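The next block holds one structure in the form of structure tokens; read it before the comments.
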Amino acid sequence: GRRTQLLKGLPATSTVEENAAAGVSVYTFNVTVSPLSSEGVAILPTIVNSNPLTEAFDIESKGDLEYRVVTTGNPVLDYETMPKSFDLQIFVEDTTGRTDLNILTVQVTDKNERPVFRGNMAIQTVTIYVLEGTPPECIYQVDAADPENAELKYSLLPAPVPFLVLESGAIFSTKEFDYEKDPHCYFLNITVTDPDGLNSTKTVNINIININDERPYFTTKQRIYRIPEEQSPGTIVANITAKDPDDEDSPSRLFYSIQSSDRHFSINPSTGVLQVTGRIDRDALPLRLHPNISLIVRVEDSPSGSHTSEMEITIVIDDINDNPPECIPSTFRKEANENTAAGTFLLDLRNYCKDIDVDPSNNQFNFTGLSGFGSNNFALESTVSGRLVMTESIDLENPANLGAEVYSLTVRVQDIACPKYSNIIYIYIRIKPVNEFFPVFSNLSYEFNVPEITKVGSSIGRVNARDKDWSHSVITYSIVAGGGTKDYTNIFWISPTKGDVKILARLDYETTQKHILTVQASDQEKTGTASVTVNVLEVNDEEPVCSPNFYSFRIPVSLAVGTNINGFRIECQDRDSDPRSFRYFIDEGNVNNHFTFSPSAGSNTSRLILASRFDYDSGLDTNWIYRLRVCITDDNLLSARDKTTDLIKTGTVTLNIRVIPNPTTVITTTPGFTVVTKRENLYSESAWYVPFVVTLGSLLLLGLLGYLGFLLVTWARTCCPPAGKADDVLLINAAEKKKPKKEVIVTMTKLNTVFDGEARDPVTGKMYEFNTRSGARRWKKSNEPLQPAPAMQVTSSATDDSGQGTDRADAPSKKEPSEKRKEPTAEAKTAA
């Protein structure tokens, strides 16, 4: 709402020529600001929109609030292809917030432009090739256009050339060219001019092409060349030259090739230089048998082969010493027993070595340079034979031999001819040890002390044996005698490789105090033995065993203190303890300490004594049944210090005592006890088959139940008919019960029934015939005419009171076809 006149000189209309360069001024205007605006313009004049949209214009400041609209040059204005007019909306705002928006209309004016070439001539110099001998014809069509669509004229310079240009721009040759006589190249300046005299010029280059009509010929006379084998690729063998009569004044432009298939040589197609391209091996087939290579060289005066000539040359390959002697295999492995006599033959190297050079002077070799670890024990008989023999016997147990089993030797096989190529042969000689010594134990006998409570599987000691043979043989240990009991064949086991002796069953000092074993050490051939004594050390590992270990009895409530209850006593024994070592005490169930044993220690027998009287009247005692757990230990003879370190065993006896009240005693409570039985199912790996059997039985039971259900349904369907049929049977039976059956005789005489009418069944669509008087019907037969009306007589006898006979007379006869019983009623006939 604050818009005011700030743009002075707008709106306005201005013009600009097409193709105007960037920065050309289109229109100048001023900006008028408010006197209150001390700082001038807040937003400089800006083109905020244009119709149509373009970026060809911009606003520049000239100073002192004067501005001008200029061209940007992007895009360049074109009268022929772009809009002819643009409406530019210019916006400005001063510092007080006043704004103004006005339109500058810029109209693009047309300008006469030079003609332009199109096609190839617009971007490059066109080169035209004309074959010599070609008759005069059109050789090129110049394509040019005027931006203003004016008619153009064509001309060419220089004038005295055998070419002309027509008004349509077509360039024609005016003569038949001869390459050998006429210039080989022409330069034509083609000018196109519009009606106002503006023109453009382009150059056309015309080259005359020579025609090849002569056969080239070889100038090289040599036909046989000789080279040594194994020449490096690129080695020049020959320089084949030829000449083309068509090129008398210039070098011939010929193309060389090898026609025969060969992978060893190639020829430069331009220069004719024959050179090596592949490896030439005189010692390999086929050159080993035929060292001559024949080549067919062809020269052509064009790549298409218009005119050609061929020449055969032969290259002879000479042998050189280029292969070292080779041994197959190059590595040998031999074996010899220790203490083998000196001079023993081991290996003939010449049988495995050869030199593949063809020339005999290049394939001779010898053997030299025997070296390696232990080479002083071996030698070559001669450099020519290559026979390897032993020079001295080798004893592996001798410290001078350092215990070496394998000797690594090297022999050089070398050419006699220069450059004396050579190879290395590797020989590994293994000296096989001979088993000369017996295994010997470190001790002739071993003694091990083992407590009788040592766990089964524990190691009780180790034996060790050695063999002086090199290398030390693998010694295997075994028990060959001793170590058996009445229950076990052998209760000891020895590790076959380490010699550890272990127990396989529990030791019992009371049964056997000493075991004597015979242990054998074997190196697979020779054996040695040693004695092993195992002393079983006694340990208190037996529990006191008392008799009886369970007893039940009854005592009166008035039993006197100090009485030996029922004369009961226990007698105990321990296989590894003195009878005086027993100690007796009641561990559980002795409520109010009514019971004790005497003596309580130092004897193998003890009596049960009542220690205090029962007191049920005052309520001190409430239990009438006592279940005593009596413990018997074998530590009576041990000191207090030994009791903390020695092994102590305990036996138990269980006593059930029921207190019998006096007859006058009033029992206020009924003593009793509750037995709680806890059962817990635990899975046992040995009972793996139980879930399988249960699952299989369940599946079989389920299948049986399903089969029985199926049989039951089948029986029900067989015995009980469907509901509809059952109802019909019941209704019929009911009717028979209500009315006694009466005999009805119906006599029907059919006297030539005539069907004098016909109609179409609305349900089936078939035609049927009927009698208009009786209503009798039948399906119409094809090609049967209508008959005159019939006469029918019906008589009835033996009718009942309900008129049943009349109904039977009107019903159709049983002998009539079933279709008649399905014929439509009278009402259906009327509807049809």
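For all residues, glycine too, the Cβ spot is worked out from N, Cα and C.
What TrEMBL records for this protein:
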type	residues	note
COMPBIAS	793-805	compositional bias 'Polar residues'
COMPBIAS	807-826	compositional bias 'Basic and acidic residues'
DOMAIN	8-117	domain 'Cadherin'
DOMAIN	122-218	domain 'Cadherin'
DOMAIN	219-327	domain 'Cadherin'
DOMAIN	328-441	domain 'Cadherin'
DOMAIN	442-550	domain 'Cadherin'
DOMAIN	547-673	domain 'Cadherin'
REGION	777-832	region 'Disordered'
TRANSMEM	688-715	transmembrane segment
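In terms of DSSP helix, strand and coil, the domain 'Cadherin' (547-673) has 12 helix, 55 strand, 60 coil. Remark: secondary structure over the domain 'Cadherin' (328-441) totals 13 helix, 51 strand, 50 coil, with classes taken from DSSP. Look at the domain 'Cadherin' (8-117): DSSP puts its residues at 0 helix, 61 strand, 49 coil. In the domain 'Cadherin' (122-218), the DSSP tally of helix, strand and coil residues is 1 helix, 46 strand, 50 coil. Per DSSP, the domain 'Cadherin' (219-327) is made up of 3 helix, 44 strand, 62 coil.
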